[in-house]
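To start, the structure itself, in structure tokens.
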Amino acid sequence: MAKQYDVLFRLLLIGDSGVGKTCLLCRFTDNEFHSSHISTIGVDFKMKTIEVDGIKVRIQIWDTAGQERYQTITKQYYRRAQGIFLVYDISSERSYQHIMKWVSDVDEYAPEGVQKILIGNKADEEQKRQVGREQGQQLAKEYGMDFYETSACTNLNIKESFTRLTELVLQAHRKELEGLRMRASNELALAELEEEEGKPEGPANSSKTCWC
């Protein structure tokens, strides 16, 4: 039986509540968009397999609650992430200003060398824009991150941003990747993570489908 994937790792979506993290996740994994979602409680996740440079990559994508009361629960997931999206809403200056706080959390709790991309979401809401594209580009430059403006509503840059973060993680794990290519019969889990081990490590749960 052919392998379903070659490598397996985790991506994390973080940012203020209401910036559209769940919408980004659903658009990428299921190609669905719903204008309203119940706020994530704790942590939720979805899986998707994509191919990058001939490598089948199984991605476990975690959607974290942005509310302060869930921060103790969600921060435990930073430690095993290989890639992180830091998301703000272009129609919310407040969510943009809070990116500095989220970066600080990543620096404190995520592993060294974790790959990061800055996302300015809800790009379809141009008439409500409070954060200029140039502001996002400048902030990303300051932190050494790639930057995308996205829209889950119109599907703008959804595939592109997720594919790019996947590429960055693969590049960061080049040695393991070369080992995979030399031993094509062996499966390599970059996150040392089996799917059944993805169960939340605490009382986290979600109003949406998840292991809890």
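Yeah, the Cβs are placed from backbone N, Cα and C, and that goes for glycine too.
Going by Swiss-Prot, these are the annotated features:
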type: BINDING; residues: 17-23, S35, 39-40, G66, 121-122, D124, 151-152; note: GTP binding site
type: BINDING; residues: T22, T40, D63; note: Mg(2+) binding site
type: MOTIF; residues: 31-45; note: motif 'Switch 1'
type: MOTIF; residues: 63-80; note: motif 'Switch 2'
type: REGION; residues: 193-212; note: region 'Disordered'
type: LIPID; residues: C210; note: S-geranylgeranyl cysteine
type: LIPID; residues: C212; note: S-geranylgeranyl cysteine
type: MOD_RES; residues: C212; note: cysteine methyl ester
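Features recorded in Swiss-Prot, as mapped to the structure shown.
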residue : record              : Cβ within 10 Å
S17     : GTP binding site    : 14
V19     : GTP binding site    : 27
K21     : GTP binding site    : 29
T22     : Mg(2+) binding site : 22
C23     : GTP binding site    : 23
D63     : Mg(2+) binding site : 27
K122    : GTP binding site    : 27
S151    : GTP binding site    : 22
Cα distance (Å, whole number) from V19 (GTP binding site) to D63 (Mg(2+) binding site): 12
Spatial separation of T22 (Mg(2+) binding site) from K122 (GTP binding site) - C-alpha basis, Å: 12
Integer average pLDDT (0 to 100) for the motif 'Switch 1' (31-45): 68
